[in-house]
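Participant: Structure incoming, see below.
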Amino acid sequence: MRLAHERAAVRVPATTANMGPGFDSFGMAFTYYDEVEVRAVTGATRVRVEGVGAGSVPEGDDNLVVRALRAGLDAAGAAQAGFEMRCVNRIPHGGGMGSSASAVVAGLVLARGLLSDPRALDDSAVFSLATEFEGHPDNVAPAVFGGATVAWTQEDGAPRAAPMPVDASLPVSLVVPPLATRLSTRQARKVLPEFVPRADALFNTSRAAVLMLALAGRPDLLLAGTEDRLHQEYRRSVLPSSMEVMDSLRQQGYPAVISGAGPTVLVLSRLEGDARAALERQGWTLLTPGIDMEGARLV
Ligand SMILES: Nc1ncnc2c1ncn2[C@@H]1O[C@H](COP(=O)(O)OP(=O)(O)OP(=O)(O)O)[C@@H](O)[C@H]1O
Ligand SMILES: N[C@@H](CCO)C(=O)O
């Protein structure tokens with residue numbers, strides 16, 4: 001396989017994961033994007049980052065997007081090159097909006113855009129490779145395929161994903177805490193127990209099924225369908241403010257959950273009035289994107 005194009009550009013959506021009961025399996029993509037452009041060059045790799053991560057993420061071959069791009073070229077059997085990359089980043093890092101999954105998917109889709117035969121890195125290949133990077137498929141699936149997704153790992157270790165029916169006009173609010181309260185997924189996974197009570201596993205099984213019905217057009221079931229006993233409460237010690245916000249919103253009737261590993265809070269409805277004003281006064285930022293139905297795509 002050879003590199004047939006000097007330039008490629010990608011737009012990749014932010015995502016949420018878990019959505020309450022669907023720990024490590026449910027996800028959804030938003031119309032809120034990182035954009036990356038790359039050129040293959042003969043010299044060394046140079047990454048220019050604008051927006052989120054400028055001055056903090058690596059600017060050479062150790063950049064996550066470049067690492068994924070190189071992994072994609074290797075998987076397709078293509079030659080490597082130097083790269084000039086420009087990243088326009090909007091997705092917060094360590095915020096619970098899937099920034100690392102989006103970065104990896106962006107790199108792999110850019111590799112597709114440089115190849116003589118893009119079929120060597122189709123969506124299914126990108127999904128598998130990106131899941132290897134991430135360790136779990138829940139953010140990767142919506143970043144690749146768009147919409148709402150359920151993802152799982154087969155007995156043989158291979159990741160799978162399928163679309164969940166979702167009403168694309170479902171209003172969504174993302175309540176993002178001030179910059180100082182970012183939390184790495186690694187840290188948030190360390191506080192989870194290895195075993196959970198059977199009653200809690202049963203609780204989540206029913207709520208996950210209810211959430212699928214709710215997303216497909218039964219908004220009256222959203223509050224029940226976003227209950228969880230497998231991960232959120234265990235993370236309270238590392239997400240105290242987010243858990244407080246989530247609890248308070250749920251008491252007011254909003255279907256609120258921790259987005260991914262947090263600390264962003266996802267609300268599956270429009271947040272209005274006093275609830276919204278109080279959070280904004282405390283320095284939280286409210287985002288109200290739509291649901292992205294396309295996933296990452298070359299532009
Ligand atoms: N666009 C990017 N470019 C380079 N590195 C990135 C980019 N996005 C994320 N990263 C790396 O991934 C790290 C964040 O990954 P992490 O899995 O902890 O959080 P997240 O993906 O934002 O949250 P979550 O998985 O809970 O949704 C950043 O600190 C950075 O090292
Ligand atoms: N399912 C993952 C999402 C974050 O990557 C978690 O909650 O740890």
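The backbone N, Cα and C atoms fix where each Cβ goes, and this holds for glycine too.
Keep in mind that TrEMBL annotations are predicted by a computer and have not been checked by a curator.
So TrEMBL lists the following for this protein:
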type	residues	note
BINDING	Pro92, His93, Gly94, Gly95, Gly96, Met97, Gly98, Ser99, Ser100, Ala101, Ser102	ATP binding site
DOMAIN	63-147	domain 'GHMP kinase N-terminal'
DOMAIN	226-280	domain 'GHMP kinase C-terminal'
Participant: Please list, for the domain 'GHMP kinase N-terminal' (63-147), how many residues fall into helix, strand and coil according to DSSP.
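Facilitator: The counts are 50 helix, 9 strand, 26 coil.
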Participant: Given the model, what does the mean pLDDT over the domain 'GHMP kinase C-terminal' (226-280) come out as?
Facilitator: 96
Participant: Which residue counts does DSSP give the domain 'GHMP kinase C-terminal' (226-280) for helix, strand and coil?
Facilitator: 26 helix, 6 strand, 23 coil
Participant: Near Pro92 (ATP binding site), which residues of its own chain have a C-beta under 8 A away, given they sit six or more steps off in sequence?
Facilitator: Val52, Ser99, Val176, Arg182, Thr264
Participant: Does Gly98 (ATP binding site) have same-chain partners at least 6 apart in sequence with Cβ under 8 Å from its own Cβ, and which are they?
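Facilitator: Gly98 (ATP binding site) has long-range Cβ partners Ala14, Thr15, Thr16, Ala17, Gly27, Ile91, Asn139, Pro142, Ala143, Gly260.
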Participant: Could you name the residues, excluding Pro92, His93, Gly94, Gly95, Gly96, Met97, Gly98, Ser99, Ser100, Ala101, Ser102, of the same chain that surround the ATP site, i.e. Cβ within 8 Å of the Cβ centre of those residues, in sequence order?
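Facilitator: Going along the sequence, the neighbours come out as Ala14, Ile91, Asn139, Gly260.
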